[in-house]
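Chemist: Encoded as structure tokens, here's the structure I'll be asking about.
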Amino acid sequence: MMVVPISTLLQFDGIPSFEELCFAGLLVEWKKGMQTAFISHTWLGADHPDPDGEKIALLRSVLLQVQAGQLEAHPHWTLALSNLTGLRHKLHKLRGGFVWLDFCCVPQRATQVSRRSKAIASIPSYIARCTHFLVLAGAWKHRTDGSPRDLHAWLGRGWCRMEMLSNALAPKPRALITIESSSAVPMWGSGGVLTRGWVTCGVATGAFTDERDRTSLGPVILSLIARRERQALKEGDLTFYRRLRAVTGKVLDSTGLQPTLPASLDDFLAEYRFKHALDSGQTSPLHCAVLAGRADIATVLLDKGADVESAVRDNDVRFEGLIKGMTVLHVACIIRDRPDLVKLLLARGADPSRTTDGMRLSSLHFAAMGGNVGNIDALLAHDPSLGRVGCRFGGRPFVYAVMYGGASAIQHLSREYPELVEVSWDGKSTASLALTTVGDVATLRETLSTAGGDVDFVGPATSPGLRRVFRATDLMVKLGTLRLVPRQRRALLEYMAYSSRCAAIHRAAYTGHLLAIDLLLKSGADANSDRHPYNMQPLHIAALRGHHGVVARLLRAGASPTARCSRGRTPAAWAARSGHHAVVELLDRAAAGDGVGRGGGDGSAAASGAEELRREASGGLSGADRAVGSWAVVRLAVLVAIGDGGATRHAACA
């Protein structure tokens, strides 16, 4: 395994090839103990991963911060909702380390096909050796066909899914860190991005340039699973072993391979290492049967008295989709579209209206989140009133279909159950809700055509708890004290301050979702909309987050580079505050082209932003303001620390 020293990579203005580095003697053979980052990404050209130097510019910016010890990954804001903010990843340990990047570390010449094939087949073992797993996914487009190559595209590529799976099943899985801009570096659990992890996003169901890869990866996946099962058994981690064995068939979908299934209950119990049918633990035999889609085994277990209402006892970041308090029916509804299994559990007494602790999600919420239309039909046939049951803060199943379930669930609900369709919820349009977490443009497109309504709709929040949080975040933004909040909590608060009470196009700008920006603009969204608590326009948001491609797209759509928000800042000033110098330069050129200097004639926006930072750092606030600011930090910290029933749990729908 060959790797590149970070200090070496920083010397290049473009991504160097394996051959170029070899000729210069700049590649290093990996040795145990090296701090090494595996960099996963999608190529921006047919023959070169970065033909225009966009990736290397972002990567250099991030690695320079790493080398200076100035960058730490922070949990994505959604993890705060599950009390998973304790996740930490010490990026500073990578200082003076190495990176593995395919174009740099795998032979590229056609004359080295066999060596290249061997290296590609070894990628799972390479990932297992690395100490960091980074996803390079800026707001870019493919040079040839113009298709997006952002995080959403990364999640859809088969080889990227293979790398995500290899990390999830590595002996020491690493947190998944996504590099979206020089300041947007969120961290997810090793199970993957929320609702887009290694269980639900099968490798072979992803997109491949070479269709032969779809089936050729099957044996590699099977080998990965077998190795991880052996490790779990050796470590005595029966919970992980059982869950992994149960989802193996789903992970192997479309590979042409399937595991050998135990024929009888005794064989099933032996294979899953259970002592008897009513064995208890973090995962019961009935839970495993449901995870595996084995209605026959579930029937026998229920006949023997298995508890149809038994619940998951833990939050496991290694598995997306499993939440503490989920019943057997909840699990059946979200993991697979198996209405026969759902009907079996209902017939045996499972309560479809029973909800989880915390957010109080019902079985129909989970079916909608999973996009499982057969399960939706089975539940509504059993109890039509389930469609009107809200979670703790009122979000109904259709809202969760929009946020998590995908286009198929929305289309099915609108066609078969039009009375359940909602145009907006709690001050947010369904188009905005479709972009709440990662965002899915197919879901957004279906939402726009189904629910309709004002594409730029923004209304007042109705939840008292959420309004309290917004008052606190507004005060912190006003006083400049938001940056005093610990980083692992700040990601959630920044999202709620800048991306929660705004139009859909603001949210797309916040996440750097280029395809969503395009679709919203074509649907009539206003590129200069200031429907935002601080009168920020989408360009302000994209500049704040450092999404260079989104800034360029909005400028082409007529967004004003000199517009000021209620705080008196231009987009360039927001970019300068976050250190996005390339974005500042782009906005500077755009403003000059309009005949207006950067900052609307008030001098350099970059200087303006820097001056504000200096003022805040040097105590520019009055003593009273600092006291109020400190009070706001404490108050908000209390709010976000509240567990069950806490106000910020509502941010899943914010």
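Numbering starts at 1 and runs along the chain as displayed.
The backbone N, Cα and C atoms fix where each Cβ goes, glycine too.
Not my notes, these are from TrEMBL:
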type	residues	note
REPEAT	281-313	repeat 'ANK'
REPEAT	324-357	repeat 'ANK'
REPEAT	500-532	repeat 'ANK'
REPEAT	534-566	repeat 'ANK'
Chemist: Under DSSP, the repeat 'ANK' (324-357) has how many residues in helix, strand and coil?
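Modeler: Result for the repeat 'ANK' (324-357), in helix, strand, coil order: 17 helix, 1 strand, 16 coil.
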Chemist: State the mean pLDDT for the repeat 'ANK' (281-313).
Modeler: 94
Chemist: How does the repeat 'ANK' (500-532) divide up by DSSP, counting helix, then strand, then coil residues?
Modeler: 17 helix, 0 strand, 16 coil
Chemist: For the repeat 'ANK' (281-313), what does DSSP give as the number of helix, strand and coil residues?
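Modeler: Once the DSSP states are binned, the repeat 'ANK' (281-313) shows 16 helix, 1 strand, 16 coil.
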